[in-house]
Each structure stands twice: as structure tokens, then as C-alpha cells.
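**Q** I am attaching a structure below and will ask some questions about it afterwards.
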């Protein structure tokens, strides 16, 4: 008994439970969902999602209070701002994506409890990954996020495309994790068995083991580049986006990227400060290649989801400019600011193509022809999100890109910023091509209109008013954030400054 008490006292002294309270709330919500589903034997599915939403909102409230407290006592707790911001971003992704998922799960007539369970698991993995400073914790939380996302990708088991996407996701995720783990093992071995990032820096001799450290950095860079979908480690992204359910793609297209960004910045900022010139050059080349390749291939795509996949590859190239341009004055402010805006722009786009794909069963871009005649509200909101992704003023995407590129230019990244500006113009072309198709294409619409209205009435008979209001709530939230958050750039930038570790 004394041994147990001493163990608990040591555990309490090493872990600040108030810091991990948001994760504890999500774990309680996960357990509640499992128990409720067992008691109700799969009935009352709406209640399961209410539990998820309530636990997520409570976690967001607690984390927001912690974030405000950190900012109020900036001199004492500056190190927590970066972690809390990324954890808050992941909670936002989880909350909005679940609002979009309820009607899909009910209409698909498949397992109801597993869907929010996997989403909570993925969110927990991403949140822990965003604040982990231990090699073991980083790897376990990364696998927790990857496997949960893989299960979500193959959620529609009767769909061959979903099975294919899940298999490709699993294989690519395994390859990237093995590369990352090999890089970790080299650091572990040459730092006398240290797993804490701070201790690795103190124990390892950079002058003596420089070749080994360079090899470790290369493997870690390759592993994280897989998660970020940076060129040339992007191969899995278009196929997984195409085959996975649209609601699932909306979730892990932002959640996995946010968590991987947090991991990348922490590892390379803390462990490889003496190799900053080397990894900066490599990452800049990867970012430039991602921007060029992502935008050029996106122009040729016929599937909306594949187009968004290549668009996300180019977008992550833009974000890497903020990481490369981090300085003592602004920290990672430009990267965090654009990531925050990108979450709403990307989820807002998926919030609008999801009802269309559910009603028509297609993701082909040409099927969006004449959409303004079928659903003017959906068309207008989709136009706003696409223009914001393209960086058209006065939408939020313009202000985010302006701050990101200007910060990169001041840091001397002239080639990267020039390529980013040129490729942004290319992205505007294929976004405007879709907008033109929706607004001006008027031929052969009679049969399409009848099919659309028939499918719309069938879906409406299945989806209740509460479910439709949840989708509309997500659409309104994303529309407001992706169009108006640019007006509040100053307070956002103020929060994201001084976010070094």
C-alpha cells in the first residue's frame, strides 16, 4: 500500500493534471460513448454524437482558458503557447468534422458508435503529439493518430474504393513510421539511451557523431514529410482522398497536417539546431517542389477530391515558408496564423461538397455544372471558400498568405516566396474554372436537375431537422471564419507571436 501511495505521489509530482485535463475530458467522453452504445445496443445514435460534441466543447473551453492564462503570464509560461495552440486547432477540426458526419453515418446504415470513437481516438493522438517531448510518447501518439485515421478511411467496408484507400494509407503510414522510428533509434543510441528531447541535446555530441546525426535527420525528415504530404512523399494523398468517405477526408486532411506540423517544428527546432542551414535548404527545396507540383497537377484533375488533395500538397508548401522564416521576434506567428485560417477554408470547402456528393453520389467536377440553378446557397458558400483558398482579397486567405509571404520575404526566402506567388496565381485559375462551371454552364441541365432534386428529396427524408441544422451550423461557422477572420488578424498574430519552445 505504501508503494502504491509513493508511486501515485511521484506520478502526481511529474504530471500536471490540469495541463492534460482537455485530454482527460475526451477520454471520459470516449468511455461514455462505448458504455452508452453497449447499454442501448446500437440505438439512439444522435445521443452518441451529442456526447462527442459536448466533451469536445468542454475540452475547447478548458484549453481556451489555459491559453488565455498562458498569455496573461507570458513571462512564466511562454513555452506552453505553441502546444496549446495546436491542441486547440485539433479540437476545432474534430468539432467541425463531427458536425458534418452525423447525416453520413445515419444514411450509410453502418456501425454508429465506432465513427465518433475513432474520431476521438485520432483527436487524442493528435493532441498528445502536439505537446509530446519524449521519443516514445511521440511515436505512440503518432501511431494512435495514424491507425485511427486509417480505420476511418476504410469505414465503408462494402466500398472497394474505401478498402483500397485504407490499405494504401496503412502501407504508406507504416513506411513513414518505420523511417521516423529508425531516425529516433539513432538519436537514442548515440545519446546514451535518452528519450527526452532536452536530454538528447545535452547528451549527444554533435561534433563527434555529425554523420550519424545527419542520417538521423534525413530519416526523421522523410517520416514527417510523409505525414505532411510534401513532395516527393505525397503519393498516397490523392488516392486516399479519392477513395475515403468525404467526411473522413475532411477530418484527416486538416487534423493529421496540424499534428504533423507541430511534430516537425518541435523535432527540428529542438534536436537539430546545429544543422539549421542544412535542413532549411532541404525543406525549402521540398516546399518549392510541393508548391509547383501540387498546383500544376491540380489543374488537370477531374475529381473534386483529387483536386483538393493536390491543392493541400501545395498549401503545405506555403506553410513551410512560415517554419523556415521563424525568428526571435515573431516566432512561428505566420505559420500558426495561416494554419488557423486554412483549417476553416479547407473544412468549409468539404462542408459544401459533402451534401452534394451525398445527394448525387459523385465527386466529378463536371457534375457541378449549373449548380447555381439547383442550390444557390451551396454555390455561393462554395465560391467564397474556393476564392479564400486562392487568396483573393478581401477574404481571409488573402490576409493569411500576405502575412506568410511577407514574413518569408523579410527572412530572405526570395525564391520560395516568388514561387509561392506564381503558383498561387495558378491555383486561382483552377478555382475560378470550377466557379465558372457552376455559374455559367447551362447546357443539358434538365435531366441533371431532375436527378439532383430526386436524390435531394430522398436524403432529406432520411436526415432529420436537427442533423441538417448541424451541417448548416458547420457551414456557417466555416464561412464566417474563412471570410471574416482576416479582419481580426492583429489579435490572432499577437497570440501567435513568441511561440518558441
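Note: Cβ is positioned from N, Cα and C throughout, glycine not excepted.
Residues or ranges marked as domain 'NAD(P)H-quinone oxidoreductase subunit 2 N-terminal' by TrEMBL: 17-103. The domain 'NADH:quinone oxidoreductase/Mrp antiporter transmembrane' feature in TrEMBL is assigned to 132-427. Annotated transmembrane segment per TrEMBL: 20-39, 51-73, 85-105, 136-155, 167-189, 209-228, 248-267, 279-300, 307-326, 332-356, 377-399, 411-432, in sequence order.
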**Q** So if I exclude everything within five residues of the ends of the transmembrane segment (20-39), which remaining residues of that chain have a CB under 8 angstroms from its CBs? That is, six or more out.
**A** 47-48, 51-52, 54-56, 58-60, 62-63, 66, 87, 91, 112-113, 116-117, 120-121, 123-124, 127-128
**Q** Do any residues, 6 or more residues outside the transmembrane segment (411-432), come within under 8 Å Cβ-to-Cβ of it, and if so which ones?
**A** 284, 287-288, 291-292, 294-296, 298-299, 301, 307, 311, 314, 317-318, 321, 324-325, 327, 386-387, 389-392, 401, 405
**Q** Who are the long-range neighbours of the transmembrane segment (307-326) in its own chain, taking Cβ under 8 Å and residues 6 or more past its ends?
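**A** Same-chain contacts beyond the ends: 228-231, 234, 237-238, 240-242, 249, 253, 257, 261, 264-265, 269, 280, 283-284, 286-291, 293-295, 297-298, 301, 332-339, 342, 346, 349-350, 365, 389, 401, 404-405, 407-408, 410-411, 413, 416-417, 420, 423-424, 427, 430, 434, 500.
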**Q** Over the domain 'NAD(P)H-quinone oxidoreductase subunit 2 N-terminal' (17-103), what does the predicted model average in pLDDT?
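**A** PLDDT averaged over the stretch: 76.
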**Q** For the transmembrane segment (248-267), I need the partner stretch with the highest count of C-beta pairs below 8 angstroms, choosing only from 136-155, 209-228, 377-399.
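**A** Answer is 136-155, with the largest number of Cβ pairs below 8 Å.
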